[in-house]
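Sequence annotations record features per position, and here Swiss-Prot assigns active site, proton acceptor to Lys175, His294 based on sequence analysis. What Swiss-Prot lists as substrate binding site is Asn123, Thr173, Lys177, Arg295, His327, Ser379, and the listing cites sequence analysis. Taken from Swiss-Prot, the feature Mg(2+) binding site covers Lys201, Asp203, Glu204. Taken from Swiss-Prot, the feature N-acetylproline applies to Pro3, supported by sequence analysis. Positions annotated as N6,N6,N6-trimethyllysine by Swiss-Prot: Lys14. Taken from Swiss-Prot, the feature N6-carboxylysine covers Lys201. Annotation comment: Swiss-Prot describes Lys334 as site 'Transition state stabilizer', evidence class sequence analysis.
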Amino acid sequence: MSPQTETKAGVGFKAGVKDYKLTYYTPDYETKDTDILAAFRVTPQPGVPPEEAGAAVAAESSTGTWTTVWTDGLTSLDRYKGRCYGIEPVAGEENQFIAYVAYPLDLFEEGSVTNMFTSIVGNVFGFKALRALRLEDLRIPVAYVKTFQGPPHGIQVERDKLNKYGRPLLGCTIKPKLGLSAKNYGRAVYECLRGGLDFTKDDENVNSQPFMRWRDRFLFCAEAIYKAQAETGEIKGHYLNATAGTCEEMMKRAIFARELGVPIVMHDYLTGGFTANTSLAHYCRDNGLLLHIHRAMHAVIDRQKNHGIHFRVLAKALRMSGGDHIHSGTVVGKLEGERDITLGFVDLLRDDFIEKDRSRGIYFTQDWVSLPGVLPVASGGIHVWHMPALTEIFGDDSVLQFGGGTLGHPWGNAPGAVANRVALEACVQARNEGRDLAREGNEIIREATKWSPELAAACEVWKEIKFEFEAMDTL
């Protein structure tokens, strides 16, 4: 008989409740290359030993339940159970531990981020024996990675489509995010693109509201793209948000974008859901559309240090589900992001192979093999004075997105776009000449203002603007 259906002779069924650690805490277990490995930050309830808490996480996120059941005898628990194979205290925190759990690959449906999360985090976070629980990191084995298509195109294919190399890409979120008519919205897009930006963007909550229905917005934005391309000789794009109330409506919007011939669409992957996102990513690959991903709602899940899911896990999940861009924080702007930790998950988005590095919050070595990379998008409270730091921190393979930092220019959208493009080109040239952007950044920007009145005006407006708050996302 196969191990799945084997009934164990001579083993009597004993009803009752027993400690999880007797079955699910296995410190001698040697992890397999095919296991999915998880690092959980566990805060047990008073009186619950850390080994029992870690074993409870392994049990409740795999084969276990609160009591012994007779049907355990109809399967092979050793084959299918999750195992807590390590416990370590969290430095500087009282009663917090990192519990390492290994899951057999047979527990997961191929190519389904939805199923992976339903299994690993679907139920266990409400478990009473735990005061708090946070999923810090996952190691996705190569065998599972290969069941995913991943990003529709990836970094190199995107550069080839846009014919843009050797620098970060520049974007802008159209503001005000809500309330503009479709025609005025398209006008704002055109002015930004003709001023020198590569992309403009729908904000995450621009879908199809009474003041601007999606079809009207798509048409006016497409007109703006083609007009700006004709004037500048550069390929332009606007992230047309296809997020909708149903998957069918989302696909209808993506199909219309393809018919218009625009290069890129957008999806809110957490509010829209992983199933919808993966479906859209498959369509985008099959039809030559780039896919920009917004992470709206992420801070609800990832901001608390002791409970939830760290964004590095959500970033890995997005790379598997599919997206060519994703917002990643800025380090220097108005939104959350500590430098080393942010760069840790930026590498997890872009690189093929990432070594374990606890100083950056990376708990496991991750091999993505042939899965395409994702461009990180720095967006939120950034302006021209931040350009040297952003160029130095994120490098060429990134999108730098200035919403208010473009549209807030005193002379209008197009001069705001000019200011950002001049600042970026000055920083890239200075870096290529061997200058230190971190040390000489302000001087580089001041030198560039001599040749660009638009940049000089932007520098004057935002010279005092800073967002200096302590990051919550620390090790």
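Placed from the backbone N, Cα and C atoms, the Cβ positions cover glycine too.
Taking the features listed in Swiss-Prot, we show where each one sits on the structure.
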{"residue": "Asn123", "record": "substrate binding site", "DSSP class": "coil"}
{"residue": "Thr173", "record": "substrate binding site", "DSSP class": "strand"}
{"residue": "Asp203", "record": "Mg(2+) binding site", "DSSP class": "coil"}
{"residue": "His294", "record": "active site, proton acceptor", "DSSP class": "strand"}
{"residue": "His327", "record": "substrate binding site", "DSSP class": "strand"}
{"residue": "Ser379", "record": "substrate binding site", "DSSP class": "strand"}
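Counted over every protein chain shown, other Cβ atoms within 10 Å are most numerous around Arg295 among the recorded positions Lys175, Arg295. If you take the Cα of His327 (substrate binding site) and the Cα of His294 (active site, proton acceptor), they are about 6 angstrom apart, rounded to a whole number. Glu204 (Mg(2+) binding site) has its Cα within 10 Å of the Cα of none of the recorded positions Asn123, Lys175, Ser379. In this structure the C-alpha atoms belonging to Thr173 (substrate binding site) and Asp203 (Mg(2+) binding site) are separated by 6 Å. Cβ neighbour count for Ser379 (substrate binding site) (all protein chains, 10 Å cutoff from its Cβ): 25. Across the structure, Lys175 (active site, proton acceptor) and Ser379 (substrate binding site) are spaced 13 Å apart at their Cα atoms. Annotation for Asn123 (substrate binding site): same-chain Cβ neighbours under 8 Å, separated by at least 6 residues, are Glu60, Ser61.
The Cβ of Lys177 (substrate binding site) lies under 8 Å from the Cβ of Asp203, Asn205, Val206, each of these being in the same chain and 6 or more residues away along the sequence. Cβ proximity to the Mg(2+) site centre (mean Cβ of Lys201, Asp203, Glu204, cutoff 8 Å) flags the following additional same-chain residues: Thr173, Ile174, Lys177, Asp202, Asn205, Val206, Tyr239, Asn241, Met266, His294.
Comparing the binding-site residues Asp203, Glu204 on other C-beta atoms within 10 angstroms of each C-beta gives the minimum for Asp203. Looking at the residues that bind substrate per the record, Asn123, Thr173, Lys177, Arg295, His327, Ser379, the two CA atoms farthest apart are separated by 37 Å. The CA atom of Arg295 (substrate binding site) is located 14 Å away from the CA atom of Lys201 (Mg(2+) binding site).
Rounded to a whole value, the Cα-Cα separation of Ser379 (substrate binding site) and His294 (active site, proton acceptor) is 10 Å. The least crowded of the recorded positions Lys201, His294, His327, judged by other CB atoms within 10 A of its own CB, is His327. The separation of His294 (active site, proton acceptor) from Lys201 (Mg(2+) binding site), Cα to Cα, is 10 Å.
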